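Peer 1: First the structure, which I've put down as structure tokens, then a few questions once you've had a look.
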Amino acid sequence: MYEFYLKSEDRLNEFYHKYKDHDWLFILPIMLLALTRTLEHFFWLLSSGRGFPQAADSKWYLDYATGLLKDFNVGLHMNDIMYFGYNMLLTLLLALFEDPVAVLFIQSVISGLSVILVYKIALILFNRSTAILAALFYATRWEITLWSMYILSDSFFISVLLLCVYFLLMAFESDKKNYKILFAVTAIYMMVFRPTGIMTMAVILAYIAIRLGKKRIAVGLNQYRRPIAGALLSIFAIGIYLYSSHKFDPLLQSLQVNVKMVLYNVYAKGWLYDLATPYDHFFRPDYRVNWYGSLFISFIVNNWDHVSILYVKRAIGFLGKWVWQIDLSSLTGIGQFLYNVTPTALFTVGSIAAVRDEKFRKASIVWLLILAVFAFCLVLFIDWMYRYRYPAVPFIAIAAAFGADQILRWTLIRVKKIAGLLQYANRKNTGCHTGF
């Protein structure tokens with residue numbers, strides 16, 4: 001038995017070392033799996049006669065893009081400015097293909113191909129087995145198929161985000177200036193793609209600071225202090241001019257309206273999601289505006305105890321709707337619970353292992369981006385379909401894959417030790433004491 005194990009291990013090692021540098025051998029099957037899942041669902045919806053699903057925002061995006069094709073006039077409303085990148089992309093695609101179905105097809109293909117970026121990012125941060133598992137985990141997630149069927153910013157945003165992170169990591173790993181330029185371009189585009197792009201960029205800047213360290217940052221600031229100071233002063237001067245000339249009024253008014261909507265339609269009702277559920281926290285809110293004249297700050301301070309409970313429940317709900325439906329009274333319920341909790345367990349193992357193996361600093365971009373999405377869902381709300389959690393999915397897959405990789409390695413080490421002990425015991429029983 002032990003000889004068979006050794007022969008099998010030797011053959012696997014030989015195969016691995018022979019083809020380990022041929023990434024396409026690992027990427028191609030997973031990429032085909034992801035494309036098969038997304039395109040199969042696309043063509044099923046296309047031929048079913050049911051049509052493609054539409055969210056409330058889908059019609060607005062299409063109407064806005066169609067309006068831009070007729071009269072190219074970008075307004076100063078919150079949605080005009082903060083979704084500028086996606087609006088321009090959708091307008092361009094409609095100008096080229098004239099059919100929203102063609103846009104969905106392109107979106108489906110790009111979603112499937114994004115597993116390549118997940119693989120590459122995981123390979124840079126960890127190892128090949130983690131990269132394979134991460135790409136496989138991401139390719140089999142239902143979200144990648146679901147949101148590629150909607151005319152929404154989410155699917156394209158994930159691809160832009162993954163591309164931005166990949167170029168950033170390559171800028172650190174390689175001396176080529178091209179990666180720095182590509183990162184800068186994708187980062188700027190991501191910030192204007194949709195509002196969460198700004199928060200995401202703030203997290204990426206924090207990661208850059210972590211990777212560079214205090215000394216390199218100080219040297220860089222000292223070396224480029226004049227260009228940096230000039231750029232900051234220019235931005236400040238432009239901001240003052242636009243504010244004093246009331247150019248920002250439409251943006252500020254629309255932001256205030258949206259804050260009121262979230263406070264009065266979500267917070268005040270104790271909703272965890274964007275609709276009423278049995279899991280909400282109902283309370284009688286205090287609407288007084290008595291802190292710095294701010295509606296938001298006053299509401300949070302005056303209702304801090306209830307808001308805290310709301311945040312705790314949202315933090316739990318971030319894991320998935322399954323946390324509210326746990327049933328440990330039957331074998332079926334226990335099996336379903338184990339299935340649902342496995343990704344969280346793998347993510348936890350991966351997080352601990354990254355700290356233990358001193359990989360966390362280099363790979364902290366994974367956890368920082370997850371934290372940014374988590375904070376967004378915590379402060380705003382978790383939509384019932386978990387669309388706002390979607391940007392964290394590829395990075396959760398990477399962390400969980402590293403956890404699975406560590407468990408597999410630990411298991412193989414234990415199996416090898418047990419096999420060795422059995423071989424030793426067998427030789428001892430037969431009177432052969434050599435060769436161990």
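Note that Cβ sites are derived from N, Cα and C of the backbone, with glycine treated the same way.
Because TrEMBL annotations are produced automatically, they should be read as predictions rather than curated entries.
Pulled the feature table from TrEMBL, pasting it below:
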DOMAIN    88-215  domain 'Glycosyltransferase RgtA/B/C/D-like'
TRANSMEM  24-46  transmembrane segment
TRANSMEM  81-97  transmembrane segment
TRANSMEM  103-126  transmembrane segment
TRANSMEM  147-169  transmembrane segment
TRANSMEM  181-208  transmembrane segment
TRANSMEM  228-244  transmembrane segment
TRANSMEM  365-386  transmembrane segment
TRANSMEM  392-412  transmembrane segment
Peer 1: Over the span of the domain 'Glycosyltransferase RgtA/B/C/D-like' (88-215), count residues by DSSP class, listing helix, strand and coil in order.
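Peer 2: Split into helix, strand and coil, the domain 'Glycosyltransferase RgtA/B/C/D-like' (88-215) gives 113 helix, 0 strand, 15 coil.
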Peer 1: Go through 103-126, 147-169, 228-244, 365-386, 392-412 and flag the stretch with the largest number of C-beta pairs under 8 Å relative to the transmembrane segment (24-46).
Peer 2: 103-126
Peer 1: Would the transmembrane segment (392-412) count as touching the transmembrane segment (181-208), if touching means at least three Cβ pairs under 8 Å and pairs must be 6 or more apart in sequence?
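Peer 2: Contact between the transmembrane segment (181-208) and the transmembrane segment (392-412): absent, because fewer than 3 Cβ pairs are under 8 Å.
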Peer 1: Going along the chain, which residues at least six beyond the ends of the transmembrane segment (181-208) come within the CB cut-off of under 8 Å?
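Peer 2: Cβ under 8 Å, 6 or more out: 82-86, 89, 153, 156-157, 160-161, 163-165, 167-168, 170-171, 364-365, 368-369, 371-373, 375-376, 391.
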Peer 1: Looking only at the domain 'Glycosyltransferase RgtA/B/C/D-like' (88-215), report the model's average pLDDT.
Peer 2: 94
